[in-house]
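Student: So TrEMBL has the following annotated:
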TRANSMEM  12-34  transmembrane segment
TRANSMEM  40-63  transmembrane segment
TRANSMEM  84-108  transmembrane segment
TRANSMEM  128-151  transmembrane segment
TRANSMEM  163-186  transmembrane segment
TRANSMEM  206-227  transmembrane segment
TRANSMEM  248-270  transmembrane segment
TRANSMEM  315-337  transmembrane segment
TRANSMEM  367-387  transmembrane segment
TRANSMEM  393-418  transmembrane segment
TRANSMEM  438-462  transmembrane segment
TRANSMEM  468-489  transmembrane segment
Amino acid sequence: MKNNDHVKISPSSLVLMIFSSIFGFSNSLTAFYQMGYSSIIWYIVTAILFFLPSALIFAEYGASFKGIKGGIFSWLEGSTNEKVAFIGTFIWLAAWVIWLVSSTQFFLVSVSTAIFGHDTTQSWHLGSLTSTQLLGVLEVIFLVIVTFCAAKGIDKIKAINNIGGIFTLGIAIGFTAVSLFVFILNHGQLAEPVTAQNMVHSPNPAFQSPIAVISFIVYALFAYGGLETTSGVIDSVDKPEKNYPKALITAMVLMTALYVVNIFMCGVAVNWNKSLGGKGVDLANVEYVLINNLGIVTGHSLGLSHSTSLAIGTVFSRLAGIADVLSGIAAAFLMVYSPIKSFIEGCDPRLLPKKMVKLNKHNMPEFSMWVQAIVVSVIILFISFGGNGAQQFYTILMDMMNVSSSASYLFLIAAYPFFKAKKDLDRPFVFIEGKKKVWATTIVVWLVVAVGIIFTCIEPLFTGDWQTSFWTAIGPVAFGVIAWIYYAYNERKEKAMA
């Protein structure tokens, strides 16, 4: 029987895993599209108020709970109690299950761009299947393949995430390098000039009001989310008490720096008003518009013909599509495993059916992973074949996911003072000491996340969209109530049997 206990994840592999699964290169380009250079200050502010302290808090959790297999479930249970851990982790798991539904769709858009240079998915069809139906079938096939491969062991997930992480880092660093090259060729001339005005004000007419600016700050805040998903692989990290904090801090510094640098680099080749102010640019295609434009400007800066410059732009777009494809595959490999693994291995076996907690010969929760794949596949197929009603259901699911994935931060951050109060823990890594400092840090970070979540829920109300506001707010509440009812049912059953 094969055993994967000997497979260990090095700090560099963990950093690549973090990048491939949560770093969004397109976030920088989207930020420039929405706010121009003024987005830089908000990315720095949100990094200081949220990303830096939360990464260090998670690093301390990981170092102290180094031998655990239950990820954030074990972090919460070790800091508070089982009930809080069950509810908080279930909300988090539900959000990531819904994320799998949407991520498979975005993955196919990246595949299309990598092959054709732009998104052609809406024209795909096979026999009597419409594009929407065919995409649904392809999404299910992709999910089945990923689940099948990931169930073969953590070494498979590690290998795929190494590749995805290298390409994710590569496209971000490559964008910076090519932009610098163009900057030098143009003798330091920026397409988008740096002025005091555009460092604090957005060139985008849609982001002039205080409400719009706040919505962007929330977007920047959540762009840093997802570090906690690596908690599910901590038991496979080599010397986790030392290397887990090191990897999280390294990834945190690199991600913040790359976000800020890449936002600035957008202005090297792109003038906002000339290239992004037109009707053909939106959030769905802005990444490829900017990448394609960089290729064209590179060609022109080298003195090449217009047709050759256009060809370079197409090549750049395809390279970005390939990087997105590989990072999408890597993220899917980690997400079909880490959240469900954290939940079932953190739970006491008495809370779940026996088959759910059983591990295969590769020490993977294969049955639970396939149950998850079936649930996601049914949702995908219902959305693809169900018509307008199903599309409305999909919109509701996405609204429910918006803040549910972030709600777990409220649990993890709120648990931090109670974690610090524990006297029987080995603490190889310490973020801060002193009761007042711990509580002050916790309150600030918790309020930042809470305000972000509350604003996300109420923002649609400003345009009269009550339905979106309702489903966005009800998401974590509904998932939490389901978890509470299930846990309370098990408590009553245990008391009746006692």
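Backbone N, Cα and C define each Cβ position, glycine as well.
TrEMBL labels come from automatic prediction, so no person has curated them.
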Student: Could you check whether the transmembrane segment (367-387) packs against the transmembrane segment (84-108) - three or more CB pairs closer than 8 Å, residues at least 6 apart in sequence?
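Tutor: In this chain the transmembrane segment (367-387) contacts the transmembrane segment (84-108) - 3 or more Cβ pairs sit under 8 Å.
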Student: Should anything in the same chain at least six residues away from the transmembrane segment (438-462) have a Cβ under 8 Å from its Cβ atoms, list it; otherwise answer none.
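Tutor: Sequence-distant neighbours of the transmembrane segment (438-462): 46, 49-50, 53-54, 57, 211, 214-215, 217-218, 221-222, 402-403, 406-407, 409-410, 413-414, 416-417, 420, 432, 468-469, 472-473.
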Student: For the transmembrane segment (12-34) against the transmembrane segment (128-151), do we get 3 or more Cβ-Cβ pairs below 8 Å once near-sequence pairs (under 6 apart) are dropped?
Tutor: no
Student: By Cβ distance under 8 Å, which residues at least 6 away from the ends of the transmembrane segment (40-63) in the same chain are close to it?
Tutor: 31, 75, 79, 199-200, 216-217, 220-221, 223-224, 227-228, 231, 234, 240-242, 244-245, 248-249, 251-252, 255-256, 259-260, 263-264, 409, 412-413, 416, 419, 427-432, 441, 444-445, 448-449
